[in-house]
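The structure under discussion appears below in the form of structure tokens.
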Amino acid sequence: MGCQWVSMARETWATRLGFILAAVGSAVGLGNIWRFPWQTAENGGSAFLVVYLGIVLLVGVPGLLGEFVIGRRANKSPVGALRELSGSKRWGFVGAFSVITGLSLLSFYSVVGGWILRYLLESGAAVLGGNPAYFTNPGQYFGGVSAGTDAALFHLLFLGLTGLIVLAGIRKGIELGTKVMMPAVLVLLLALAGWAATQPNAAAGYAFFLRFDPSVITENFFAILGPAAGQALFTLSLGAGTMVTYSSYLGEDRSLPLDGSAIAVLNTSVGVITGLVVFPLLFSQGIDPTATGTGPGALFVGLAGAFSQLPAGTLIATTFFAVVTLAALSSSISMLEIPVAFLVDEYGVSRRAAVLGMAGIVAVTGTVCAFNPGIFSFVAGTLVNILLTTGLVAFLLFVGWVMGRDAIEEFSSGAGSLGRRLGTPWLFAVGVVLPLFLVFTLLTHFGVDTNIGFWPTVGLTVVASVAAFLGLRQPNSVV
Ligand code: TRP
């Protein structure tokens, strides 16, 4: 059959901008719009912002380049890439974790995507007349729709949209979709930020978000470090193999360091602009962001309350939820693409069958999350956190210790003099500094440092990293 031949030639991005926008689309999502403002509010405002920016620059960008180097070198999904580049099946198993991570991520993300879709439809219908139902009592409304049959149905709707885009393939689905969605997100978000600036008391919102108090950093540095690192990984879509997969569709050589920096800058800008929308709006309505709680409902309850009191609130709400829907969809497609690429690359399954099969699994696992808030929080919090951090550590150790010189070569290819100068320090960062840092933050995330003390945690970090490395060491490895 003809499609056999089509599936033989692996797809590539049509343009460089297409790749960048797809990666930005993956990065920009609920992490920026839903999680970032509340993490900032919870962890000392601008002090958190500063630490977070530092981690994005020093850990996020090098880490992103680590995933890019694997993907572009192998032109395969993470499973095939790690197996082929190492020549060992064991690394293939490590890569297979990305399939599990992608499915876990999508299981809770699609439920949140479903909530958002519901709020969008609800607000959009009310533009024609009347008020959205959630205006009356935002807290109660969210409580009613966030779990149960409604949540499951909207999850399935959101997952269906995700599946349709992925089904259309790399160029006609993901690239085209993100080329439309990302500019729309930026334009609408800037319009909202401009409008928010005109609201009374907006200045108090900016002050809350941006007031810089260095003593907050010095006093709480280690308490901020964990959440800031977690946020940086999540928002850059690192550790799941999404970025390995996306860069595996790169055809020609372009500057990975430049592309990676552009992606990080765009992603961070969206987070900051969202803060410039959310906080002035809340403060203009006298809503204290620290009082509305920081759970999954924060965006829906706090902001929905503000929308209900604003002039033209329905229109603003519709615009806002449209932005969030587009941002969430451009991320969810990158999660589904991980297991889909795995089936297509490793088993020669057609894209259609792969999408149906993998979306079918998430239809079930997501429905479980939709019905069970306890399972939802476990997946969205602990499970995803562990999978992403260990996933990234594995990718980085692979780049540093298995690929070694090849990684520098791939990093430098297309990067001009930048590549020659930065290649070696980057490899050192990726192979040694970042894994230690990530293991340390994972331990602090689980409160190990408060239980056994700071230095024992540092010791444990070193032991864990060395053990991980020895366990994964190849007979043919360069060290
Ligand atoms: N970065 C996305 C966000 O901020 C979430 C996301 C998409 C993601 N793909 C991922 C997170 C892969 C980790 C890994 O919403």
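Every residue, even glycine, has its Cβ placed from backbone N, Cα and C.
What TrEMBL annotates here:
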TRANSMEM  12-34  transmembrane segment
TRANSMEM  46-70  transmembrane segment
TRANSMEM  91-117  transmembrane segment
TRANSMEM  152-170  transmembrane segment
TRANSMEM  182-209  transmembrane segment
TRANSMEM  221-250  transmembrane segment
TRANSMEM  262-283  transmembrane segment
TRANSMEM  315-343  transmembrane segment
TRANSMEM  355-376  transmembrane segment
TRANSMEM  382-404  transmembrane segment
TRANSMEM  425-446  transmembrane segment
TRANSMEM  452-472  transmembrane segment
The transmembrane segment (221-250) versus listed stretches 12-34, 315-343, 382-404, 425-446: most Cβ pairs under 8 Å: 12-34
Can you tell me which parts of the same chain pack against the transmembrane segment (315-343), counting only residues 6+ beyond its ends and a CB-CB cutoff under 8 A? 22, 25-34, 77-80, 96, 98-99, 101-103, 105-106, 109-110, 112-113, 116-117, 119-120, 123-124, 126-127, 132, 158-159, 161-163, 165-166, 173-174, 177-178, 181-182, 184-185, 188-189, 191-192, 195, 237, 240-242, 245-246, 248, 270, 277, 299, 303-304, 307, 349, 351, 353-355, 357-359, 362
Looking at the transmembrane segment (382-404) and the transmembrane segment (355-376), are there 3+ C-beta pairs under 8 A, with each pair at least 6 apart in sequence? no
Here the stretch out of 12-34, 91-117, 262-283 with the most C-beta pairs under 8 Å to the transmembrane segment (355-376) is 91-117
Contact count check, CB pairs under 8 angstroms to the transmembrane segment (12-34), set 91-117, 182-209, 262-283, 452-472; argmax is 262-283
Using a cut-off of under 8 Å between C-beta atoms, tell me which stretch among 152-170, 182-209, 262-283 contacts the transmembrane segment (91-117) the most. 152-170
Within the same chain, the residues 6 or more beyond the ends of the transmembrane segment (262-283) and with Cβ under 8 Å of it are 20, 23-24, 27-28, 31-33, 36-37, 40-41, 49, 53, 56-57, 60-61, 64, 185-186, 189-190, 192-193, 196-197, 199, 201-206, 208-209, 235-236, 289, 302-303, 306-307, 310, 320, 327
